[in-house]
């Protein structure tokens, strides 16, 4: 056995041992008699592992890693091995459930009872049309997902944006990747990473920033381990975190920092480069860059009214910081370049213009970095009070030296520790700042790399554009040219698409609370479990005059607060595709029939589209006092559309779609052909299929958006022959390193000095100014250039106090996925980790007179929960910080968390709020 095989086998065994279970029998399963094996993709994280699925007699009987998959090379993590068992939980939802009274009529205060698909859609249609009539396109909403298949997300976005003329659709990826997205768009002018997972094997240094890769991306972490063991003296690993985790186990340096001070640490590294090691600056690379900055008085993404009637008195103190705040000592230093000092009051005048920015000179950039000395940064950033300041300084110096070392390749990985941050976009931008200064970006083994959390947060949420402001292929609804392109591909009358951004995910919850949204449809996520400050949103769902639909496979918290639950097919019960964190798109075929009467989300979307005629939605629509959408029915007639045609007819069953004929293959396709279950559909009749290859039609129409624009995807059939391809796919070849002329065909086309072309900013200009603001009307040409931002350190809106002395951080664990609705149904995973725990430093437990396993209350200004403490577990927080995962609905930690967001990305900061702890 060679070293690589040994690592694979021991990593799998370790994963199982850590979960307290035996090694799955199918780990090394060979093909068994009567089993049909087919390639597929893992249901869980953004790594995008390839798996092999075995079926027999209509049921999945085994799952194993796909040895031909380039991402995982035959290895799966502990969740991956149970991809089959998540589908067969005892309480799987198999039929629509509606709240009804004793007469069987819909009643918001009634109890759930089974109903037919027809009854479900009848009530859903009635409630939607009531909300639409009262509030128009802004009165309805869809909570989408980074776990949508690409086709599901595309169909949902098309129905909502083209059909209902609403932009109130936003995915739960807003909670995990929005800061990374805005960072990409701000810096590169185009979304998604420039590198790929092969950078792990090609680099000399892996630095993790707020990324517990050992548990959240375990297969990638096995590759990091492999790389470290291949050259232990040369290859260095550094883990930066607010607490010690399993990712620290192989780290050469572990840096525990105070929450939010990662911004200051990046500025320290940049200062070291600019002031003390100018010879390390890659001047050739900087010819492709422009320096920039923006306002600091941008708030924290909370409600603008601290006196909102739904706030408790305890909440108002924190929320007041959205309007203004008194600067701390640390901020007095970091914001001195603006003429501010500690004790000054900063008015948040640019809260609605947080993304505004302008070009500055290198000299201004250098000036802004001046305060970030080793002494200043160490003083504010040291997170472990039991570590000496000198030890911490030495670690910071060693970290900076690793980045600066001339011939050392380096990759910076991050996930939610960066993104779920009230300055999440800023800290994303800063990672590129350092890599750009050194010229260590977009080349093999070098790069700042955002790791996606969900399996298709890239492929669906971002690339398809299921965000409230986006269209496919990085286009946005506010851009007239982008709307024109979209209307042409979708064959819509000009002016159909709403030009005003919808509400983002947290904004939609607030709109429900305020009565602005009256109808909401949840698909492939669990927002009432997953959204911070959850007490507010549960009350909004149950006590306000609205109608909530949840499409789900198990009864999570969101299903329990809904008015109507629709049973959804799960991953291998339908055709689909995901796009992972390295831009790799992967497709799979339907392996088995859905359980009961469950149907795919694509089917649900298309069937709902049948309920609306063009005349119901394409007439004049008032959005607000300043915007009314035009009546487009007359132009629709000139295009050959009948106003009595349904949205299904025009958007999904037109001649283009019907041109994709069914293919005779050995795999089921419930949407195309119907199936042997003979499910009675939305019209009360047995659903016999659409008669055309809907999944292929959706894909081929969708890929039109990216062709020729740097987002090129291959055709549908190609993906079923390969183990995924990294886009842009040009002339049948994938792209591993973007913006690098040696590897990227789009970069090769551009005339720039050197080896790089950041074509996302092609033909763009930027206002010119200084550190204070825009000066005059001059603009800087940033054609084919990336931006290097300066961003200052700022405190989060809520920090520990005498009354609430602890930081609270939330996150995931290896064995469970998100809110646990799937993985908590797997007996082996449940036995391994049956409940969420509060990880606490033993010194804090001793001070509070608590012992291992004691039950405590964790209480914030917003709510409280009971939980057992663990002082000996996998995570070891520093004194003054506790960590609680959020997979367990019985430890509903999001009742405690704060719904502050990054003002640029609107992504929630789940990583820091202030709490008090006492024995229950």
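Placed from the backbone N, Cα and C atoms, the Cβ positions cover glycine too.
Site annotation (Swiss-Prot, ligand [4Fe-4S] cluster) includes 42, 45, 49; from 77, 196, the additional listed residue is 77.
Looking at residue 552 (Mo-bis(molybdopterin guanine dinucleotide) binding site) and residue 49 ([4Fe-4S] cluster binding site), their Cα atoms lie 24 Å from each other.
Listed binding-site residues: 552, 815; maximum Cβ neighbour count within 10 Å falls on 815. For residue 886 (substrate binding site), the Cβ neighbour count at a 10 Å cut-off comes to 23, with all displayed protein chains included. Residue 213 (Mo-bis(molybdopterin guanine dinucleotide) binding site) sits 11 Å from residue 45 ([4Fe-4S] cluster binding site), counting Cα to Cα. The two recorded residues residue 45 ([4Fe-4S] cluster binding site) and residue 815 (Mo-bis(molybdopterin guanine dinucleotide) binding site) have their Cα atoms spaced 12 Å from each other.
Compute the center of the Cβ atoms of 42, 45, 49, 77, which mark the site for [4Fe-4S] cluster; besides them, the chain residues with Cβ within 8 Å of that center are 44, 47, 48, 72, 76, 79, 80, 218, 219. The distance from the Cα of residue 42 ([4Fe-4S] cluster binding site) to the Cα of residue 209 (Mo-bis(molybdopterin guanine dinucleotide) binding site) comes to 25 Å. Every protein chain considered, the tally of other Cβ atoms within 10 Å of the Cβ of residue 42 ([4Fe-4S] cluster binding site) stands at 28. Residue counts for the domain '4Fe-4S Mo/W bis-MGD-type' (35-91) under DSSP, helix first, then strand, then coil, are 6 helix, 20 strand, 31 coil. When secondary structure is read from DSSP and collapsed to three states, residue 552 (Mo-bis(molybdopterin guanine dinucleotide) binding site) falls in the strand class.
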